[in-house]
Amino acid sequence: MRVNNGLTPQELEAYGISDVHDIVYNPSYDLLYQEELDPSLTGYERGVLTNLGAVAVDTGIFTGRSPKDKYIVRDDTTRDTFWWADKGKGKNDNKPLSPETWQHLKGLVTRQLSGKRLFVVDAFCGANPDTRLSVRFITEVAWQAHFVKNMFIRPSDEELAGFKPDFIVMNGAKCTNPQWKEQGLNSENFVAFNLTERMQLIGGTWYGGEMKKGMFSMMNYLLPLKGIASMHCSANVGEKGDVAVFFGLSGTGKTTLSTDPKRRLIGDDEHGWDDDGVFNFEGGCYAKTIKLSKEAEPEIYNAIRRDALLENVTVREDGTIDFDDGSKTENTRVSYPIYHIDNIVKPVSKAGHATKVIFLTADAFGVLPPVSRLTADQTQYHFLSGFTAKLAGTERGITEPTPTFSACFGAAFLSLHPTQYAEVLVKRMQAAGAQAYLVNTGWNGTGKRISIKDTRAIIDAILNGSLDNAETFTLPMFNLAIPTELPGVDTKILDPRNTYASPEQWQEKAETLAKLFIDNFDKYTDTPAGTALVAAGPKL
C-alpha cells in the first residue's frame with residue numbers, strides 16, 4: 001500500500017480536515033480493486049465484479065451532473081472575468097456564491113472528511129507541463145479515487161516526489177447542506193468552486209463526472225485568458241500527422257468516432273490547442289455504454305476490463321452485463337485509462353495543429369444533412385449556436401431527445417463568455433488553415449438514427465480529403481453546402497429532403513428548426529461581431 005509517501009495529516013489540516021490517521025496516497029489499481037470489493041462496504045461505496053474483469057458501481061439518484069447545483073464564489077478574482085448566470089443575455093450554470101456561504105459549505109465537507117480513512121490522488125489535468133493543473137483529489141470513497149486515477153494524467157514517481165497541488169478537490173458526497181433554503185441555493189446538494197482558494201467542494205452527489213467536468217471548467221477559465229483554445233472535443237491523428245478534432249455534446253459521437261482503428265487517439269473529450277498543437281487534458285476516457293456492442297464498437301468494448309470502472313450498468317447475478325438495460329439511466333458509463341485503447345498517441349497525448357474541425361450534432365428534428373462543409377462565418381455561427389438534441393440521461397430529468405443550444409458545444413463547462421472561445425478557436429484555425437464541417441449523427445425523415453456505418457464513411461471522406469473535392473449543392477433555408485455523393489455513403493441520405501415522404505414535410509420541420517436557431521442567436525447580437533454573423537445562419 002502506498003500510504004503517505006510524504007503526505008502528512010498536517011497537510012490535510014491546512015485544508016481544514018482534521019484527525020486523519022490513515023491516508024491512502026495514490027493507491028495502486030490492485031489496492032483500489034480490493035478496496036472497492038470489500039464485503040464490509042455498504043450502499044454506493046460497494047462495487048460489484050463483472051465477468052469482463054471491471055468493477056461496476058452505482059451512483060444513486062445522481063446518474064448525471066447536477067448543473068443546477070453548480071456555484072462559483074464571486075469575489076475580486078472572478079467578478080469581472082467569469083460568465084455569470086445573472087448577467088447578460090446568455091443562460092449558463094455559473095451561479096454566484098458568496099464567500100460566507102462558501103465557508104459554510106467548506107465546513108460541511110471538511111467535517112465529513114475529518115477523522116476518516118481518506119484516499120488522496122495527485123494527478124495532472126493537461127498534457128503540457130507549461131499549462132497543466134496539478135490537482136489533489138481527496139475522498140473517503142475508494143471508487144471515486146479509482147475514477148480520478150482513470151480520468152486524469154497519472155504522474156511518474158519523480159513527478160509525485162515534487163508534486164505541489166495548484167487545485168484541491170474535496171469530495172464529500174455523503175454530506176448535504178441543510179441550510180440551502182435560507183442561503184438561496186437550489187437544493188441540499190452542491191458543486192462549488194473558489195478560484196481564489198483554488199478549490200472545488202462536492203456535497204450530496206456521488207456522480208464521478210462532477211470531478212472530471214469540474215476541472216474542465218477550471219481549464220476553460222485559465223487557458224483562453226492565455227490565448228490557448230480550450231475545447232469540449234475529441235481528437236485523433238492520422239498516419240501523416242494530420243489532426244482532426246470532433247466537437248459535440250454528450251452522446252453525439254465524440255468518443256465513438258474518434259476511436260478509429262485507422263488513426264491514433266489523442267483523447268475523447270477535453271483538449272487544448274496552443275502554439276505547438278492539440279493536447280489532451282485527460283489520462284482516460286469516459287464512454288457511454290448504453291446499447292454497447294462488441295461488433296459496433298470493438299475498441300470501447302475491449303477497453304472494459306480489469307482497472308476500468310463501470311457506472312450504473314445492470315449486472316446480472318452471474319456477473320454478465322446487460323448493456324441494453326437503461327432502467328437506472330440512459331447515461332450508463334465506463335471510465336478507463338487511455339492505454340486501454342491500443343491505438344493511442346504515446347507517450348504524451350498531444351499532436352500537431354488540427355486541419356479538420358468537425359462539429360457533431362444529433363438533430364432530433366431530422367432536418368440537417370448528414371454532412372456539410374462550412375464557410376468561415378458559418379463555422380463561428382454553428383460553434384456559438386452549439387445545436388444538438390439533448391440525449392437521454394446525461395443530466396437528471398431528461399429522458400427523450402429534446403433540442404438544445406449549448407454554446408461552443410459545451411456551455412455547461414464554459415467559464416468565460418462564449419465569444420472568447422470562438423475568437424481563440426478561429427485564430428487557431430486560421431493559423432493552421434483548418435476547415436470545419438457540420439456532421440449530423442442524429443435522425444432523418446425515416447425516423448431512424450443515421451447509422452454509425454454511414455457516419456464513419458462520412459468522417460473518412462472528410463479526413464481523406466474526398467469531401468473537399470466532391471461536387472456540392474446548397475440546402476435552402478440553412479444555406480449549407482452538401483456533397484452530391486461520397487464513397488461508401490448511401491447517396492439518398494445526403495439530401496435530408498429525400499428521406500421524407502414529401503419535401504413539404506421537411507420544409508415544415510425546417511422552418512421550426514430555423515426559427516429556433518434564429519431566436520437562440522439573438523443573444524449574440526448585442527455586439528457588432530455577433531450581428532455580422534447572423535447572415536451565416538438560417539433564413540426564413
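Positions of Cβ are set from backbone N, Cα and C atoms, glycine also.
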Which of ARG46, ARG65, ARG74 shares the substrate site with TYR207, LYS213, ARG333 per Swiss-Prot?
ARG65
Can you find which of ASP268, ASP269, ASP274, ASP275 Swiss-Prot lists as binding Mn(2+) at the same site as LYS213, HIS232?
ASP269
Largest separation between Cα atoms (Å) of residues that the record links to substrate, namely ARG65, TYR207, LYS213, ARG333:
14
Do you know offhand how many angstrom separate LYS523 (N6-acetyllysine) and LYS87 (N6-acetyllysine) by C-alpha?
12
Please identify, among the recorded positions ARG65, LYS87, TYR207, ARG333, the one with the smallest Cα-Cα distance to ILE450 (ATP binding site).
ARG333
Determine which residues of the same chain, besides LYS213, HIS232, ASP269, have their CB within 8 A of the center of the CB atoms at the recorded Mn(2+) site, and list them by sequence.
LYS212, PHE216, GLU270, GLY410, PHE413
LYS254 (ATP binding site): nearby binding-site residues from TYR207, ASP269, ARG333, Cα cut-off 10 Å:
ASP269
Across all chains shown, how many C-beta atoms besides its own are within 10 angstroms of the C-beta of GLY248 (ATP binding site)?
27
Using DSSP reduced to three states, classify HIS232 (Mn(2+) binding site) as helix, strand or coil.
strand
To the nearest whole angstrom, what is the C-alpha distance linking THR252 (ATP binding site) and ASP269 (Mn(2+) binding site)?
12
